[in-house]
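**Q** If you scroll down you'll find the structure; I have some questions about it.
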Amino acid sequence: MTDHIAAVKTYLLDLQDRICAALEAEDGKARFAEDAWERPAGGGGRTRVIGDGALIEKGGVNFSHVFGDSLPPSASAHRPELAGRGFQALGVSLVIHPENPHVPTSHANVRFFCAEKEGEEPVWWFGGGFDLTPYYAHEEDCVHWHRVARDACAPFGADVYPRYKEWCDRYFHLKHRNEPRGIGGLFFDDLNQWDFDTCFAFIRAIGDAYIDAYLPIVQRRKHTPFDERQREFQAYRRGRYVEFNLVFDRGTLFGLQSGGRTESILMSLPPQVRWGYDWKPEPGSEEARLTEYFLADRDWLAGQP
């Protein structure tokens, strides 16, 4: 798998560079700061963070490549056949929290995992996806986001987008709140149903689609005026983001349990959050419409070309 791992690593480093350049250009003020780090147990990465910009209040685009002699519990719990295997995990993960409540938070991740044991076939798979978390949502933005997702999946089969869209809706769900984190997108894991080259081509299609999905929405919304009440609602909804990442997110749990770099793992958390006891939006308000209409499992592309 050595050549395969090298090819994936080269792609992921380039993807990180391209996404950072596009986001810096869109912000126009802030620049990413890079923190290269090493993991004592094996591997390391490039954490890049940005904040206090004209657009981005806090964000990060991380690359990591970690390896070790045995898997953490979060990885082997649902794959007991991997126990006793050495592993390599590579990925790019990003979260962008804009200051303007009219610009959604976005998250994307593409990753590769390989577990090897002498004398046995390697076990490998890809995972990833991207999802959108609006605060003041617009239907045209939701349609655009999902159209880009569908088009990225299309060359790999007509069933791919619906399957991974549904998986995303199911995965990014706060069970204790019985509500989705956002309006979804794509999510997939354990991808090895095709040969390596096809799976790798698919992961590249998804990684490359993120900027095409996100920047047009940013450009439409970043100059929309907002007030303090809307910022407070954004902070309240960001609380849901924190709850999901710390309680349910498999990537967060894997990173913490595998001795990953805590600062990089928790980079996804927003800078300002608030919780209010049993707070509910005014009936009929924009805030109420978010949960009543947008945060529902729906086919955003029904009737769309």
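Every residue, even glycine, has its Cβ placed from backbone N, Cα and C.
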**Q** Given 97-132, 205-240, 241-276, which one carries Swiss-Prot's region 'Important for dimerization' label?
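**A** The listed stretch tagged region 'Important for dimerization' in Swiss-Prot is 241-276.
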**Q** Residue counts in helix (H, G, I), strand (E, B) and coil for the region 'Important for dimerization' (241-276), per DSSP?
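**A** Grouping H, G, I as helix and E, B as strand yields 22 helix, 0 strand, 14 coil.
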**Q** If one measures from the C-alpha of Val110 (substrate binding site) to the C-alpha of His176 (divalent metal cation binding site), what distance in angstrom results, rounded to a whole number?
**A** 27
**Q** When a 10 Å sphere is centred on the Cβ of His146 (divalent metal cation binding site), how many other Cβ atoms does it contain?
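**A** For His146 (divalent metal cation binding site), the count of other Cβ atoms within 10 Å is 24.
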**Q** Out of the binding-site residues listed (His107, His146, His176), which are within 10 Å of Ser93 (substrate binding site), Cα to Cα?
**A** His107
**Q** Which residue among the binding-site residues His97, His107, Arg111, His176, Arg261 has the fewest other Cβ atoms within 10 Å of its Cβ, if you could check?
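**A** Minimum Cβ neighbour count within 10 Å, taken over the binding-site residues His97, His107, Arg111, His176, Arg261, occurs at His176.
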**Q** Across the whole of the region 'Important for dimerization' (241-276), what does the mean pLDDT come to? Round it, please.
**A** 89
**Q** Given the substrate binding site residues Ser93, Asn109, Val110, Arg111, Gly259, Gly260, Arg261 in the record, what is the largest Cα to Cα distance, rounded to whole Å?
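**A** Greatest Cα separation within the listed binding residues comes to 20 Å.
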